[in-house]
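Below you'll find the structure, written out as structure tokens, and then a few comments.
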Amino acid sequence: MENMAEEELLPQEKVEVVQVPVPTPTPDSARVPAPAPDSAPVSASTPAPASAPTPASAPVPAPALAQASALSPSLASAPDEAESKRHISIQRQLADLEKLAFVTEGDCDSANSLNSDNLDAGNKQACPLCPKEKFRACNSHKLHRHLQNLHWKVSVEFEGYRMCICHLPCRPVKPNIIGEQISSKMGAHYHCIICSATITRRTDMLGHVRRHVNKGETKSRYIAASAAKPPKEILKEADTDVQVCPNYTVPQKTDSYFNPKMKLNRQLIFCTLAALAKERKPLECLDAFGATGIMGLQWAKHLGNAVKVTINDLNENSVTLIQENCHLNKLKVVVDSKEKEEREDILEEGEENLGNIKVTKMDANVLMHLRSFDFIHLDPFGTSVNYLDSAFRNIRNLGIVSVTSTDISSLYAKAQHVARRHYGCNIVRTEYYKELAARIVVAAVARAAARCNKGIEVLFAVALEHFVLVVVRVLRGPTSADETAKKIQYLIHCQWCEERIFQKDGNMVEENPYRQLPCNCHGSMPGKTAIELGPLWSSSLFNTGFLKRMLSESLHHGLDDIQTLIKTLIFESECTPQFSVHAPSNLNKPEECGVFIKTTDDTTTDSHSAQGKRKSNETTANLVKRQKTDVNTEHPPFYYNIHRHSIKGMNMPKLKKFLCYLSQAGFRVSRTHFDPMGVRTDAPLMQFKSILLKYSTPTYTGGQSEGHVQPASEDTVADRVEMSVNDKAEAGGCRRW
């Protein structure tokens, strides 16, 4: 191949000009390929009769001939210019590939004919896809077997075309530093019919074509009439318009992903930022993975000058779509990227500029290392652990970092090995798996913050069907980092009754760790009954004061979809019943269901946009003092599912009444957003089952109805069961809370 390449380089250096005879195609012979459109122009005169070929009137350089020989002769008469650029290794049938090696006798007059390399003495033919050194000229039947076995059988099929394997030196020859041209060595390879890329392995070529199909790039360059791009759809959410590409709900088929199911996530983050904007202004905000830019557009459109929004994305198509969406919402775009793109923002007459948005195109880790922000939101595809270190590197003091994790298969214990790989955590499927997932993410966030000498305060954590959202406030200093690191502990989980308790602090090895569990399953069941999960976040997951300010902002901006969820989070953080069974709550009062809602005027008194260094220091100290007060009232960890612990043959009480029964027994109790039938309480599992059994009624079948139950017999049965449960608890030495 090197000798052949050197022979081809000699006429390039001398730049010879030769006259190329262009034969007139006949019905019994193959057409001679036409020159490429981007090669030297060849003007052919009026064709003569078929017996005498007409030479071209314009001189053609020798390098242009080599480029013209790589074109398909079967498409020389095609009207489309893009169709003639297809490589000769891409054909429809095997016969078309064989025609490339066939040349009529009249074409052999000139030594510099287009297919002179394909002929040899004795009417032998050479392979059009192999150099002379690899496959010498041979007879037609032998060439047929060679093309069929070596090129056609290992081809890749796509839309009726076959991308055959090619052995020619197809890489362009580039001069080195001295100026000498050195031929590039390339083995067997394929040419992509869509993007003309060169792929070495067949499996890689299949994956390459599959990626084109997933992105909708099936309209390749050989199609004569290229179809117009499908129109973009405009969606509206929270008074913000966004253009979305086709297949916007499938990440594999679009460059700009938009998930309508994440609406609750976007509204929660908006209320978080709105509550933070009441403390200090202006805020440097970052949406590290913009996609369509819907989240950053909502920030800038509804919060105005209180925020300075930066939307980042590494995909060039997404950056272009973000800029278009900014203009659609009358927002000025400030472009900042490594490629130094410059685009003028032109507004139509009568339009008003609502604000500025900075759009960047770079890696999220690089951007967070270069600039400091007050608010950072991370929403990557899958896990977010790869971006936590850079997020806490330059975050300002008392700033907020929100993390959305969509790798629910690993967090919800469906792929336990992936959770161990990403989070360094050992988990199993439990009844409280959603809260377990939230504590796993918080533990990863806490470790990343501690590595940067920063601590965290968890404002709230939400785990729903499609995502896990964790929002934390950053506290600078090694003292805060040490306090945060102490809250990461292991969890002891009983596999029989699913009782759980955090392991005690200490470096000493305990002889019998089963003693820490309130249950007596280890003594009554054979073998090892408990496992160790974690490390997990063991402290509170909610900040009541911040959640109340979020509820106020949701009322102020009219976000009705998340008000019920925020109220549930508030009651869950306080661990108090949301309602009274006999007295209905009045939702018209400022105090809704036991939650006092601050107005906008009240929240301004807590603002931290103070003037002067001394005043700002005082407000910061007050803020930290208020945060410590909120953290002290921690809610009980984890919850119990009332259906999971129901008694066979008994009808459970209503969930509302059961919460009151637990509260009357002296336990803290509330519902949880993690599970619609879950109960968060500080009661141990044995007491939980005892109260559930006490107020359950027997199930009757047959002609009797459930309402005909004698109260005396019911109390007697419940008392007996409770006494037996208490006797077992006292015999096992269990601690009753």
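Numbers run from 1 along the shown chain.
Each Cβ is built from the backbone N, Cα and C atoms, and glycine gets one as well.
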Report task. When you get a sec, could you say which of 141-145, 301-305, 511-515, 606-610 is annotated motif 'Nucleolar localization signal' by Swiss-Prot? Result -> 141-145
Query raised in the report: Any idea which of 75-97, 190-212, 558-580 is down as zinc finger in Swiss-Prot?
Result: 190-212
Report summary line: The most crowded of the binding-site residues Cys494, Cys497, Cys519, Cys521, judged by neighbouring Cβ atoms within 10 Å of its own Cβ, is Cys519
Query raised in the report: Tell me, by DSSP, whether Cys521 (Zn(2+) binding site) is helix, strand or coil?
Result: helix
Report summary line: Reduced to three DSSP states, the motif 'Nucleolar localization signal' (141-145) has 5 helix, 0 strand, 0 coil
Query raised in the report: What does DSSP call Cys497 (Zn(2+) binding site) in the simple three-state scheme?
Result: coil
Query raised in the report: Within 8 Å of the Cβ centroid of the Zn(2+) site residues Cys494, Cys497, Cys519, Cys521, which other residues of the same chain have their Cβ?
Result: Gln495, Trp496, Glu498, Glu499, Leu517, Asn520, His522, Met525, Thr529, Ala530, Leu685
